[in-house]
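Student: Here's a structure for you.
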C-alpha cells in the first residue's frame, strides 16, 4: 500500500516521457453509459483528449449531437463545453480508436447474472478481447467497472494470450460516483484508489491524477485485488448503514421512539457519522443492490460467508416488500382509493429507476385495488411495465388533485417545499405517508393531514382540520404552511 500526497516523492513519468502536456495524452473510453460518460467528460475537462466509444449507435448519435441520454446535474453543460473545445468526441467502435490511445478505460456494465447473485463479467471480457488486438505498446488498460477480485488478473491473461510479448499495464481504478452528484464526485473526490502490478502502470496513473494530488486528494496505490475489494466493501458498508437505520426505525415505531432523534444522536458520534444513516423505503439504484449481492456471492464461492451483508440484502428486500402493507395499514384498505405517489426514481437528481422501491410499491397498490398516479420531475413511464400500471401526472398539483392519499417516496427538492394547506384542500382524503420523513409532524397536523412518517407514531390532525373547506378548482392558494417558502399548487 502506498498513499501518494503532494509532498511524497513519486515517479510521475508518463507512458511516453517525451510528452509534457496533458492534452497530448489520448484516452479512449469503452462504454458511454453512466460511468463512461461522466468519467470521459470529466477527464476531458482536465485537459485530456478523450474519445468515448459505444456499440449503441443511437446513443452515440445523440451524444454527437450534444444530447446526453442520462439526467445528471451539470453533465450536459460540461459535456457541451468539452465537445465545443474539441477535447471530447464520441463514436462507435473502430480499431483505430483503440490504436490511438495511451489509456483505454473499460466502463461497461457488470449486472447480476440472471437468476444469480454473481456479477456478470461478459461485457468486461468481451470489451477486453475487442481492444486487445489494437493496444499500442506501453498502453494502460484501466478498469472502471465494478468487478470481483481476480478480474484484473483475468484481463491480463486475455490480453497476453492475444498479444504475446506486448508491454502493457492493467489498472484497477474503481469509481465512487454518486448518481445526482457524479460530476462533483469526480472533480472533488474524497480519495482515488489505484490497483496496479507494475511501475509503468503506476506512472501512467500518476500522470492522469496529478492535478488531484496537487489539490491534496489522497491517492491510494495498492494491489489490483485490493482495489477491486475496496469498491465492493465500501458499497456494502454504506448499504449496511441504510439497512441499520431502517431496522432502528422499525424498533422506534414499536417502542414509542422517534427515529429522527435516534439517528441524529447516533450520527453525532464521530466514529459513526450521519452520512447514509437515514431510514427510508429501502435502497435501489445500479450499485448497492447488485454489489451487495455480488459481495455475498464472492464470499460464498471463496468459502467465507459474508453473514452481515447477507442480512443487509434480506433487510432491504423485506423493506421494499413491506411498503404496500404500510400504505394499506394507514388507509385501512387500498381498494377503491386514489393514491398519489411522489417520486419514482430511486433517489433525487437522477432519472434512474433500477431497483427503485417504486417498482415494487406501484404494482402492489394496483393489485390491491388502488388507482395510482405518480409524479416525478425526471422520470417517464414509457416502456416501464411497472409504471405503466399507473397514470403519470404532469405536475405535482395534478398528482394531488382529488387523491385519497399521498405516498412520498423520493426526496426531490420540489417535494420538500409543498404548500401543505393548498395540497390538503386539493385532495379528497387526508392521509400523507412520508417514507423520507421530510416534514415536521406539527406542520402536517396543522395543515389537516393524517401524517404517517416512518420510525415514529402517526400525527393526527385536530378534529376541526380534518375536513377543511375546498377551494374553487384552479384558484391559486396563497396561504403558506409553517411560515417558510413552499411550492404553490394551482
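Cβ atoms here come from the backbone N, Cα and C positions, even for glycine.
Note that this is a predicted model, so its numbers are computed, not measured.
Sharing the feature lines straight out of TrEMBL:
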- 287: active site, nucleophile (ACT_SITE)
- 54, 59, 110, 146, 179, 290, 354: NAD(+) binding site (BINDING)
- 176, 177, 178, 179, 231, 276, 277, 278, 279, 280, 284, 347: substrate binding site (BINDING)
- 472-483: compositional bias 'Basic and acidic residues' (COMPBIAS)
- 340-441: domain 'UDP-glucose/GDP-mannose dehydrogenase C-terminal' (DOMAIN)
- 470-490: region 'Disordered' (REGION)
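In the displayed structure, how are the listed features positioned relative to their neighbours?
Tutor: Around residue 287 (active site, nucleophile), a 10 Å sphere centred on its CB holds 24 further CB atoms from the protein chains shown.
Long-range Cβ neighbours of residue 59 (NAD(+) binding site) (same chain, at least 6 residues apart, Cβ-Cβ under 8 Å): 32, 69.
According to its DSSP assignment, residue 231 (substrate binding site) is helical.
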Student: Which of 231, 290, 354 (the binding-site residues) has the most other Cβ atoms within 10 Å?
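Tutor: Of the binding-site residues 231, 290, 354, the most buried by Cβ count within 10 Å is 231.
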Student: Does residue 178 (substrate binding site) have same-chain partners at least 6 apart in sequence with Cβ under 8 Å from its own Cβ, and which are they?
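Tutor: Result: 185.
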Student: Here's one to test understanding: among the binding-site residues 231, 277, 279, whose C-alpha is closest in space to the C-alpha of residue 54 (NAD(+) binding site)?
Tutor: 231
Student: Given the recorded positions 176, 231, 284, 287, which one's Cα is the least distant from that of residue 110 (NAD(+) binding site)?
Tutor: 287
Student: Among 54, 59, 110, 146, 179, 290, 354, the annotated NAD(+) contacts, find the widest CA pair distance and round it to a whole Å.
Tutor: 24
Student: Within 10 Å of each Cβ, count the other Cβ atoms, then let me know which of the binding-site residues 110, 146 comes out lowest.
Tutor: 110
